[in-house]
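Student: One structure is given below, represented as C-alpha cells, and several questions about it will come after.
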There are 2 protein chains.
Amino acid sequence: MQKPTLPKGTRDFGPVQMAKRNFILDTIKETFRLFGYEQLETPAMENLSTLTGKYGDEGDQLLFKILNSGDFLKKVTPQDIQEGASATLSKVAEKGLRYDLTVPFARYVVMNRHELTFPFKRFQIQPVWRADRPQKGRYREFYQCDADVIGTDSLLCEAEIILMIRRVFEKLGIQDYSIKLNNRKVLTGIAEVIGEAGKEGPLCVAIDKLDKIGREKVEEELLERGFGPAAIQKLAPLFESSAENISEVLTFLEDFLQASEIGLQGIKELQEMLQLLNSLGANQEHLVLDFLLARGLSYYTGAIFEVKAHGVQIGSVSGGGRYDDLTGVFGMPNMSGVGFSFGVDRIYDVMEELGLFPDQTLTGSQVLLAHFDGKAYGYALGVLSKFRAQGIRAEVYPDLTKMKKQLDYASKKGIPFVAICGDDEIKNETIAFKNLETGEQESMKVEDAINRLI
Amino acid sequence: MQKPTLPKGTRDFGPVQMAKRNFILDTIKETFRLFGYEQLETPAMENLSTLTGKYGDEGDQLLFKILNSGDFLKKVTPQDIQEGASATLSKVAEKGLRYDLTVPFARYVVMNRHELTFPFKRFQIQPVWRADRPQKGRYREFYQCDADVIGTDSLLCEAEIILMIRRVFEKLGIQDYSIKLNNRKVLTGIAEVIGEAGKEGPLCVAIDKLDKIGREKVEEELLERGFGPAAIQKLAPLFESSAENISEVLTFLEDFLQASEIGLQGIKELQEMLQLLNSLGANQEHLVLDFLLARGLSYYTGAIFEVKAHGVQIGSVSGGGRYDDLTGVFGMPNMSGVGFSFGVDRIYDVMEELGLFPDQTLTGSQVLLAHFDGKAYGYALGVLSKFRAQGIRAEVYPDLTKMKKQLDYASKKGIPFVAICGDDEIKNETIAFKNLETGEQESMKVEDAINRLI
C-alpha cells in the first residue's frame, strides 16, 4: 500500500493554521478595501509566452511548466531529445504556473485596457509557484498579497501605502517595526555624484547586500563590478553618515546630491510624499529614510519601500515601489504605477514568534453538545438548533458514546464550552454548561448560555 | 509586440465578479463554520502517484501534469519517444495539479491520522484543474467548495447537510429549488429485486441519464449493458410511480423493496435521517425523495444528494453523498464519511440569471473625494482621513484634473457618492455631498455625511 506524501516545498494548512492565516488576510483585505482597492484574481496558469523573459534567466528556470495535454510528444523528434531540454521545451509545454502576481496583473490591465477605469487600484491575494530549492522558510508554493495602483504618478499613492502598512500592523498588534523608504532617483543621483553615471544598476545590486555582507565586502564587489577606487571613496560619506531622523537625512542628502539634478528630484519626491502624509493628518511614526535601500528589483523607478520587523529573526516582511513601465512589455507603454506586497508567511512567523495571535482567531465551534444516552441526544439536537439560530458555532457529538470521549473531543479540538445533556437537564429544560478551561460547570437555561457566548 | 492572451478555459475575475463571488463564498463559509466545520487548504500540486488511478482512465487523461524542473529530459531516451507519450510521461513529470478536493482531503487525513481528532469536519474552497475541452460553463480552472465529515457513520451528518444547504440558499435569496435525496442501498436493493443483484453499478450509470435521454433510451442502454428484458420489465413501477411526497414514496419503496434486506436498510436510513431532522426542529421543505437519483459517482455507499435550482437553465448546483472507504486507497481502511459540494460557478450563474445579487455586494469605495484645485486637494485629504477613521471605504482622485473627469471616474467605478471640495467648502468646513444615482447634491458637515454612510 502506498504511503502518500506531499511534493517537496509544499504544505497543507490545517484548521488552526488556516484560522491564523485568515486573521492576517482578513485584516489586510479590510485595509485594502478601506483605501479603495478592489480584488482581482487571475488563473493559476498563464501562457509561457506571457511569463518567460519577465523574471530574468534565473526566473525562467524557476517557472513550473505544464505538460501539454493529450499526446504531448507529438511534435517531438528523437533529434530534439539529443539536442536537449531547452530545444524540446516549447514543443511539450505551452503553459506555466504563475510566478508572481505582478506579471498577471500587467497582462490583465493590457487585455482589459478599454474597460478599466484609470487610475486602477487592485489587490490580489493568491498563491504563486517557484521551482526553487526548498529550505527553511522558502516554499515552492506560497501566497503573495499585492496592492498596486496603475495609471497615475501621484505621490499620494506612496503616502497611502505607508498608511495602509501602519494600519495593518496596528490591527495585527505588531508594534516594533520600521518602514524604510528610499527613491530610485536618489540612487541614480548617487551614481552620478560618484562619477559612475548610469551604473546605478550594479551599484544597487552591491549595496543591496550591505546588511548581509558588510561595507568591506560591498566595496570589494563594487571593485569587481568595475567601479573605480575614486568612486568607491566618494561613497564613504553615505556609509558614515550619522544623520538619523528624516529631516537630518534629507539635509545630508541635499548636500551630497547637489550636483545631480535627478538626485535632487528624488529628494523632492520624498519631501512631497511626506507633505501629503501631513495633509492626511498622519505623522512620521515608523518611517526611516534609508538612502542605501535598493531592493533587488531593478524595475523600480521612484519610491522604494521595505518593512522590517524588529526583535525577531525574520527581517523584511513587506516591500514595494514605483515602476514607470509595467505594461510596456505587453505593448501598452507609459503606465506608471506603484505597488507593494505583504509577505504573509513571514508576518505569520513574526506573529507566532511574538505570540501575537489573539484567541479570537478561533473559528471552530464555540460549544459542543454532549449527551449521556439516546434520549439526551434527541434533547441535545433541539438545544443545538437554538445555539445556531443565534449565530453561535455549535456541534453535537454525532454518535452515542461515553461522556469522557465527548469531552476529550471538545478538548482536543479547542472547543471552549460543552453543554452536557442528561435526564436532569431534560427534566428541568436546562443544560450543564461546562467551561473546559476552568473546569467550572453550571446548570442553566440555554438562553443564559447563549447570552454568555454572544 | 506580443498581444497577451489567457490559456483557453481559464478566466480572470475582475472587481465586480470578485465582489459577487465573495458574497457567495462568505455565505457558504459562515454556514460551514456555524455547523462546526473547519477550513483546510492543500497545495495545488500533488504527486502524480497520489492522483492517478483515482478518477478512472478518463480522469487520468484530464490531469494537468507538471514538467519536472531542471533538465526534464535527463532520463528520456530517443527510444522512449518512439514508444510514445505514456512510456515517457513518468520520466518527465512527477507532479500534477489538483483535480478535485476529495483525494487531497483523503491524502491529508491519512498523513495526519495521528494528530487529527475524529470525527473530523472540514471544509475546503480552492480551485481545481481539468484538461477538459472548454465549452460554455465548463472551464479548465474552477473552484470547488466541499464540506466533509469523516470518521463517523452517524446519519446526523446527512441531516445537517440538508440544513446547511437550506441555510446557504436562504441567505443567497434562492427560493425555488429542490434537494433530491436517495440512498445507494435503495439502488442496490432495486438491482436485487429485479434479479440483477450486484449490477447496481451499470444500473446507476444508465438510470443517471434518465433526465437527459428519457426512459426508452435508458431501457435500451440497460439491454446493451446485459440486463434481461424481464429485469427491465420489473423496473417499470419505478418509472411509473405517482408517489409524490416523502411518506408516499417511502411507502411505495417499502413495498417494492420488500424482498431486499439491503434495500430495506436504505429505507431505514432515510427514515432515520428524516427523524433526526425533526429532532433538530426542522421541517421537510425543499426535500424530494428521488429513488432513481444515482449521480455518476460510483463510490457513494449510503445517502446521495443533489440540489436543483428551478426556473433557470442550469440544473444541478450542489451534490454529494456518503462513502464508506475514502482513505482505503492510501492504506487507512474503514473510514466512513459523508460530504457534499456547492457548485460556485453554477450558483453564480443562477443568481445572475435571477437577479439575486444584492447591492451590498459592492465592496468598492463608498465615497470619492473630488477637488477643484491644489488647495481643495489638500483639504480633501483631511476629509478623506475622517471618513476612513470611521471605517468608510473612501478614496480621493489622486491627480489635479477637471471635475468632470473625477465624477466620471466615480460613476464608472460604481462609487455611489462624491464629496466635492472647493473654496466654499474650505471656508465653511463642509463638503458638497453628491448622490450620483439621484444627482442630488447637498452641502453638509463631514460628520453628517459619515452618519449617512455608516
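Any Cβ shown, glycine's included, is placed from N, Cα and C.
Got these off TrEMBL a minute ago, pasting:
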- A:ASP100, A:LEU101, A:THR102, A:ARG130, A:GLN144, A:ASP148, A:ARG295, A:TYR299, A:TYR300: L-histidine binding site (BINDING)
- A:1-398: domain 'Aminoacyl-transfer RNA synthetases class-II family profile' (DOMAIN)
Student: Can you see whether DSSP assigns A:GLN144 (L-histidine binding site) to helix, strand or coil?
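Tutor: In three-state terms, A:GLN144 (L-histidine binding site) counts as strand.
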Student: Which residue, out of the binding-site residues A:THR102, A:GLN144, shows the minimum number of other Cβ atoms inside 10 Å of its Cβ in this structure?
Tutor: A:GLN144
Student: Around A:ASP100 (L-histidine binding site), how many other CB atoms lie within 10 A of its CB?
Tutor: 17
Student: How far apart, in angstrom, are the most distant Cα atoms among the L-histidine-binding residues A:ASP100, A:LEU101, A:THR102, A:ARG130, A:GLN144, A:ASP148, A:ARG295, A:TYR299, A:TYR300?
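Tutor: This binding site's residues have a maximal Cα-Cα distance of 22 Å.
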Student: Can you check what DSSP calls A:TYR300 (L-histidine binding site), collapsed to helix, strand or coil?
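Tutor: DSSP assigns A:TYR300 (L-histidine binding site) to coil.
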